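Residues annotated as active site, proton acceptor in Swiss-Prot, with sequence analysis given as evidence: His178. Per Swiss-Prot, NAD(+) binding site is recorded for Val16, Asp37, Tyr68, Ala121, Ser122, Asn123. According to Swiss-Prot, the feature substrate binding site maps to Gln85, Arg91, Asn123, Pro124, Cys125, Asp126, Asp151, Ser152, Ala153, Arg154, Thr231, an assignment based on sequence analysis. The annotation phosphotyrosine is assigned in Swiss-Prot to Tyr222.
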Amino acid sequence: MKKTSNKVVLVGTGAVGMSFIYSAVNQGLAEEYVLIDVNTKAAEGNAIDIQDTMAVLDKPFTIKAGTYEDCKDADLIVITAGRPQRPGETRLELIADNSRIMKGIAEAIKASGFNGVTVIASNPCDVLTTVYQQVTGYDEHSVVGAGTTLDSARLRRLVAEKLNVAPKSVNAYIMGEHGDSSVAAYSKATVMGQPISKYLAEGKITEADLEECWTRAIRMAYEIIERKGATYYGIGVCLNAISSAILRDEKTTFMVGAKLNGEYGQKGFYTGVPVILGSKGWETIIEWDLSDAEKAAFKKSCDALDATYQKAKEAIA
């Protein structure tokens, strides 16, 4: 009999993970959810809390706290577990602790017999996605990093504010590391179908404005962490959008973490690039013809990620 429902397992029931689940149940992402956390009481409490929405929301679902055994027949696993980023700490400085955590999670999921798609948002996202895929040996297409989805959403909002248009009217994207070395691919940016260069030529936005938008986009997490200790709503909604594209086989373009195998002149690790998302994960990496400056910046970002991945391998050896 053909399966007619989707099962999603969340590993890590902190603020990011539960923001994703809250977004998911509100938008009817799946019919079954399982929460896994090293703190089983927290997982149980969160499951009960979400159960209290079942009589109000339109689309039916079940949710419970579970174990890695529940991964066996899951369609999608979303991993948000890990030590949180401290004020002033870069994502890459999280590497040793969270690499060891990710290795344990990967081994437990692999042992369950899971055969679906995994989406990873734990930081440093690009490196930990690479660690997970290497430890599990899963097909690289079935492992998806959150990549620069959130970074790009931030950039689109900031550029939209400068031009006084809706964020959805802006197609401007950030590539590379989900973090400080990322690259704003303005050469490919459009606003309401027009290249951003047209708005520059007309004086509606300046190069300084674009530089400010990019700088603020990559520093936004630090601004939020300084004020409230953590970021979670934005990434939670982004994770739901990524998950929806996978479960519904949308063939949508996203700036997620995909493993490079020669694309953009890089190889052997995950980073944020434009891809087509479908039911099997990321299907195709789209290679943009970047400007020379963007190519150089992307290479620099990839070099930093590769060096950090080598440190991650040492941490889990």
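Including glycine, each Cβ sits where the backbone N, Cα and C put it.
Annotated features taken from Swiss-Prot, shown on the structure.
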residue	record	DSSP class
Val16	NAD(+) binding site	helix
Asp37	NAD(+) binding site	coil
Tyr68	NAD(+) binding site	helix
Gln85	substrate binding site	coil
Ala121	NAD(+) binding site	coil
Tyr222	phosphotyrosine	helix
Thr231	substrate binding site	coil
Spatial neighbours of Asp151 (substrate binding site), counting only the recorded positions Tyr68, Ala121, His178, Tyr222 and Cα distances within 10 Å: His178
Neighbour-count leader, CB within 10 A, binding-site residues: Gln85, Ser122: Ser122
Pairwise CA distance, Ala121 (NAD(+) binding site) versus the residue listed as 'active site, proton acceptor', rounded so that it is a whole Å: 10
Neighbours of Thr231 (substrate binding site) among the recorded positions Val16, Asp37, Tyr222 (Cα to Cα, within 10 Å): Val16, Tyr222
Fewest other C-beta atoms within 10 angstroms, as judged across Tyr68, Tyr222, which are the recorded positions: Tyr222
Least Cβ-crowded entry, counting other Cβ within 10 Å, from the binding-site residues listed as Val16, Ala121, Cys125, Ala153: Ala153
When distances run from the Cα of Cys125 (substrate binding site) to each of the recorded positions Val16, Asp37, Tyr68, His178, Tyr222, the nearest one: His178
Ala153 (substrate binding site) versus Tyr68 (NAD(+) binding site) - Cα distance in angstrom: 32
